[in-house]
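Asker: Here it is, the structure, as structure tokens.
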Amino acid sequence: MEVENNAKSADGYLFGLWGMMMHLTVLWGILDANFHSPILNNLPTVPPLNNPPAKRLFLFVADGLRYRTFAEETPPYLKNVMKNIGIWGISHTRMPTESRPGNVAIAAGLYEDPSALFKGWKENPVDFDSVFNQSKFTWAWGSPDIIPMFVKGGRQNIYGESYPHHWQDFDKSSNSSRILDSWVFNKYFEWLNNQTDNMKNHDGIILFFHLLGCDTAGHASKPHSKEYKDNMRYVDKKIQEVVESATKFFNDNSTAYIFTADHGMTDWGSHGSGSNDETETPMIAWGAGVNYYKNNRHDIEQADIAPLISTLLGISIPVNNEGVLPRLYLESANEEYGARALLNNINQLTIQVKANRISSSDSDDAANSNWRELKLDNIIKKIKNLLIQGKFDEAIKEGDEAIYISKETLSHYRKYQRNQLVIFLTLMWLGWIILLIFNLTGVKKQSEIGKKTSSHLIILNIIFITAVILLLIEHKVSGRRDWRVMGYGTIAFTSLWLAARSAFTLSPVFRMKDNKSSTIAIVGTVLLIMTMSAGLSNRLFFSLAMIICCGMQIILIKNPPKLLIGSAIALSIYPTLPLVKPHPQTEIVLISLALAVFILWKQSRHLVILELIKIFITCVIVTEIIDGRNGFSWIVLITSPICIFLYSTENTETRLKAVTVGLLCPLALLSASYEPQVYLLLGVHLISLVNTMKNNEHETLKHNEELLTPENLMTAAYFMLYILLSFFGTGNMTSISSFDPMWTRHFITIFSPFTMSGLILLKLAIPLILVGCASRAFASSSMFMAVLLLGDCLSLPLMYSVTSEGSWLDIGTAISRYTITITLPCLFLILYHLSSPLMSFHFGVLCTKTIKKHHSV
């Protein structure tokens, strides 16, 4: 018996490891199949252009300046530039609308490298080419999160300085935004006095002004505020001073200027998503070599700025650039220079096309090129002949077609193996789901059948080995340079092999309580899964899911309490409410804290007094009577779990109440609206559900059953809904990446990415931890496996929604939906274990053990 138990335990560990490997492989594989780093190393550069119109270029990037606010109240100097001197339009950015990818797009002409997500934020080393690298000299001043990114690892021609991190303070009274930008401009004037004698006659010079003031003011006071607009006008005034000083000193009409922003900002002061306010930024160019179009708007893509800078200065275009030279921004008088610059852009894109063919296709033989690439080569030859003949208009027309074909060919090669990889990943996932079903419901077949099965297994093993050998032969014959197809294919065949072995050796057995209740449970589970899937796209469906959940509880639970049903109906309201408001709604947070008193009813008087003191301190911090940053907010946060540990662990309902009230105060300090109300209602609902199930001796509370039941599936669907509701009940997936320091204002206002991120993650985690605590009352291996099965089935169709095409909002949303569904079962298991001390640890037990140990000594 002991040997058999050890064998089962070993099989369980192996099954768990295989499941973990499947989840990680499929999660990474879908992203790997659809998204590649646009960076290819060791690419040759295109030669610099002769006789460029500008010797130097001043690049002003106003971090966080959105186009709408700029257009509504355009500051005077830049307004004059737009009307009388230069050319302007909207620079369309891409998701994620953050500072790093925005500045990379401007300087390097490429959009966020997906692999950079795993390299961290601070002092991210330069592993891509940029206009700064290609310049003869670059001076850069600005944020410590941006400037080191280009300086560290770059060539010796880049000189950068940045201010200390602690200067970035989101407190309105700190005047941080003005201080940051004034420091940058002062550094320029120092440079003008100290360096320019040596640089006066040099060409290929870039001066980069990274101006964080608008972003800081927008986070702290919102983009419609006086502070934001004042900062915009201050930047305008200082730019005028910079231009006047440069014109006076250099006096050679060889200076070009570009003013733009890395990203915009929402009305409530956040960015990261794909709304128009976040993706539309101003773009103004003037000076040497720049065209003039009076009052005509000419929009560009953000990556187009890099080839524009390269062309104005006559330097090489960054090797990984994906941008297209906006010819209308170039002075029309020099048509030949514009045509040759366009050819340079085409050649640079063509180099990437050929490099991507070699890295992603089966061969580096040019004879195997895609028809688009062959057509591209012919057009380039035609353009060169037209330039020799002086037919610049015709060359430019051909160039426009060549640009389109090169971009299309680049996309073709980057997605060359996508279909093969997605097919293998689908087979891999189907094999895992089948294996999981047999693991949940399977019992060993009888010995008579087993004898016949052994011959089937031998045939199955032969088929598996043959398939892997054929895959290896195909890989060798094709000459494919990477092992992705081979690797994913082998794992897929292994997954199907394990699933087939289970089908031959096990018989599925589904334990039914009674036909009526089991049928209702199955129908309800299917409806919940369908509405949750729709809710990932539109949070309104979570309201419908909560109503279905309520209906199931009314039907299947004998005499369900009014509190259970009422809280479920109340929770269904919140997904229909607006996501966020531009300003904190303190009164709503205070109402939530007041409602917590009712949960404390009938508790120990000493514990009630302690909780009331904590709630009172939280109230005075929220109303800003006292400043929580002085340590009071941190005291509330640290003492919250300590207060929970004072409650008895003998009664699950009492301890769940303690967790609900104990974690409310930290959540309230991190909230701006009705988030604490959703949390309280969820707590009341879970307390009532646990108590009701216990009183009814519900089947899911029995731990001794191993086989899966419809009731297990239904309970698993409940908890999947609670997790998703606590995650999306007050927001949606496009707001997860958006940052608003308003959430952390009671703890910290000085910019600290890791501290602020940790606090925001805590805010997201608190409702999830509450769900984890409630799940301990339903803990059974079959329920955990049921959550795993439902989550994996939910993620299967979403694999095909992940794509690199379409709007960036759609792309980001599809990735979020897929990632959430595939990690949901793992999250449930993590929450279960994280909640263990909150539900089981008690200071009284610890004191008793200490006293006993002392007496025994």
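Cβ from N, Cα, C; glycine included.
Residues annotated as domain 'GPI ethanolamine phosphate transferase 1 C-terminal' in TrEMBL: 408-807. Residues or ranges marked as transmembrane segment by TrEMBL: 12-31, 421-443, 455-473, 485-506, 540-556, 586-601, 608-626, 632-649, 713-730, 750-771, 783-803, 815-834.
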Asker: Give residue numbers and ranges for long-range contacts of the transmembrane segment (12-31): same chain, 6 or more residues beyond its ends, CB-CB under 8 A.
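Answerer: Distant contacts of the transmembrane segment (12-31): 114, 421-422, 425, 428-429, 432, 435-436, 439, 488, 491, 495, 498, 788, 795, 799, 802, 815, 818-819, 822-823, 825-826.
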Asker: What mean pLDDT score does the domain 'GPI ethanolamine phosphate transferase 1 C-terminal' (408-807) have in the model?
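Answerer: So the average pLDDT across the domain 'GPI ethanolamine phosphate transferase 1 C-terminal' (408-807) works out to 81.
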Asker: Please determine whether the transmembrane segment (586-601) and the transmembrane segment (485-506) are in contact (criterion: at least three Cβ-Cβ distances under 8 Å, sequence separation 6 or more).
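Answerer: Judged by the Cβ rule, the two regions do not touch, with the required three close pairs absent.
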Asker: Cβ under 8 Å, sequence separation of at least 6 from the ends of the transmembrane segment (783-803): give me the contacting residues as numbers and ranges.
Answerer: 19, 26, 30-31, 34, 422, 425-426, 429-430, 432-433, 436-437, 439-440, 525, 529, 532-533, 536, 700, 708, 712-713, 715-717, 719-720, 811, 814-815, 817-818, 821-822, 824-825, 828-829, 832
Asker: For the transmembrane segment (485-506) and the transmembrane segment (713-730), decide whether they are in contact, meaning at least 3 CB pairs lie under 8 A, counting pairs 6 or more apart in sequence.
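Answerer: Checked: the transmembrane segment (485-506) vs the transmembrane segment (713-730), no contact.
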